[in-house]
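Undergrad: Take a look at the following structure, please.
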Amino acid sequence: MVSKTVTQGFSFNILCIGETGIGKSTLINTLFNTRFENEEASHYEKDVLLRPHTYDLQESNVNLKLTIVHTVGFGDQINKEESYKPIVEYIDTQYETYLEEELKIKRSLCNFHDTRIHICLYFIAPNGHSLKSLDLVTMKKLDSKVNIIPVIAKADTVSRSELDRLKIKIMSELVSNGVQIYQFPTEDEAVAEINSSMNTHLPFAVVGSVEDVKVGNKMVKARLYPWGSVQVENENHCDFVKLREMLLRVNMEDLREQTHTRHYELYRRCKLEEMGFKDADPNSQSFSLQDTYEAKRKEFLRELQHQEEGMRQMFVNKVKETEAELKEKEKELHERFEQLKRLHHEEKKNLEEKRRELEEEMNAFNRRRVAAETLMGQALQGASQPLKKDKDKKK
Amino acid sequence: MDAIMLQEKLVERLLCPRVRTAKQKEKQYVGFATLPNQVHRKSVKKGFDFTLMVAGESGMGKSTLVNSLFLTDLYKDRKLLNAEERINQTVEIIKHTVDIEEKGVKLKLTIVDTPGFGDAVNNNECWKPITDYIDQQFEQYFRDESGLNRKNIQDNRVHCCIYFIPPFGHGLRPVDVEFMKALHEKVNIIPLIAKADCLTPTEIKKLKDRIREEIDKFGIKVYQFPECDSDEDEEFKQLDKELKECTPFAVIGSNTVVEARGQRVRGRLYPWGIVEVENQSHCDFVKLRNMLIRSHMHDLKDVTCDVHYENYRAQCIQEMTSKLAQDNRMESPIPILPLSTPDVDTEKLIKMKDEELKRMQEMLTKMQQQMHDKD
């Protein structure tokens, strides 16, 4: 059976939640000793987004289909009340896909790519005092849906004494608020001892680095500071090795099992109950499912029709309204036109009158001119007449 | 070491008057060259005051840095809230005052703390209490200044606000940008990169460049160091240039003294090394301290009085006079200057009437045209 599962390959899905720039991609790169491509995120995203990437890895004949999901823009918004919603939706969607596959008539679960999140790494910013309010709210929403392992990111900014205090404070806050984080299993004798000791070191304080630095005469992964170098794999410096052990080498299978048997079952039960399907009668299970499905479908279609009718009515009403408006406007325009016409008419009349008056004046003026001319003509004649008379007299 | 010695030399030069040269001795000596001395004596006798506001998310190391800067412990009985209590926390304003004396010079230092900033889940307008506080101090000074008895005016105006930017991100976050934009016209802002011991030198440089870029991009007016006089010597100018290129300062604070390289210094002890707060190659704490206390404290106060307070005052007076003109009230707490700006309403009316006239003229010309065509 083991060889069969080996040839099938394993799938493992990790969800990383943390503020922008907190070191999620770097830690994953360090964990898997590869450089997965990842672009730097911006601080100005309006909403929280989730970006999944799937990679196929192989180590000593074991194939691993690794899916890493990062949150983008988490913690950047000014109002973070809705920040947890996209994350919860994503997790639920993966469960939904698996549920659909499970309920199919013809299903191929062995070849199915299981995208359910097996582990959620929650990156806590090392602010020195305790958890942030956003961290508490988010983890509370997720603890019943997915295995959570909180880690303290960028732990090279916390000194040893501060770190102990911080770990105690964080754990006590989680406990007092009823947040259930993943506990490493202690039933299996082989791993009980190491697991229980690891449980006391939660949350792990991690430092990530993919750069090699020369320390002594070896090249190790480290961060180089002017005052010293923080070696990632040195257990005195940080808990990276512990995280890797727990996550990958010891408990990976347990994580997958827990996801399937606890979280997924919880989701499935809630979802099926919603659909109106109860466990009471095991014989008629498949039938009632079909019936309820049909009933729901009919209801849904009826609602759609109803909505369509409503929209059509609204449209018709709107058209009527606009028609009425336009008609009124037309009337108004007509009236204005009439008014203008009348004004124009009046003006024209006035002008005509004036013209007539002018003409009369002109005529009067002409007559006077003619009269004046005739007078002048007469005057001239009169002037020449006496001359004639003189001539006659002289004769 | 050289840098520190140089700075001390220069500070001494500022405090002592210039030595008279032989040439000057020949001229008639009136004696007002001792004025700087007199000013110095009077100010030392009066003492100085300085109000510093610290703002930033909780856990950024603000209290530790303030303690390191002034070598006091201002936060002995502090109560820190749990994460659950902080979900809906509002911002408070808490003042701590301490009198420090050094070499005969007294300083009354007031630190204005802003616990709760940026800690709630919904941080909409979380900077409002802070802007209100600053305005209140301006208003109080304005009233005192305009009052009849001006003998003992208490100057509570905020001279400088240091803002802590978390080093965990890639640059400024929206809440940082909004805060600085709400305050940059009211107070001198000095942004700092907090907890700089989580960044390697390359990362620090990258982050500083990024932040400077974003400050330009968003048009945030942070406090600018004044240009040095052209007659200062080259080394001073070089120091000044380095100082300006180093902003925003990447700082580390510490309340504990550790043993490093045979000396007892303030620092943080890690398994991989010791971070020394006053080591210039570890962080910019020394630069910040020198800038804030040793060289630019007075300039910060001047800019607050000359620029930010005057802006506030002008705005206030304009609001008051326009409001009074509308209400037509005769009494006022201060004498009103005649309005040089015309009343907005009448201007609007005039404009409307103008437009109407123009429209009627156009209509007339059109109608005349029409008649002309018809004829």
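Including glycine, each Cβ sits where the backbone N, Cα and C put it.
So TrEMBL has the following annotated:
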- B:46-319: domain 'Septin-type G' (DOMAIN)
- B:Phe168: site 'Important for dimerization' (SITE)
Undergrad: Across the domain 'Septin-type G' (B:46-319), what does the mean pLDDT come to, as a whole number?
TA: 84
Undergrad: How many other Cβ atoms are found within 10 Å of the Cβ atom of B:Phe168 (site 'Important for dimerization'), counting all protein chains shown?
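TA: Total other Cβ atoms inside 10 Å, all chains included: 24.
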Undergrad: By the DSSP assignment reduced to helix, strand and coil, which category contains B:Phe168 (site 'Important for dimerization')?
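TA: DSSP call for B:Phe168 (site 'Important for dimerization'): coil, neither helix nor strand.
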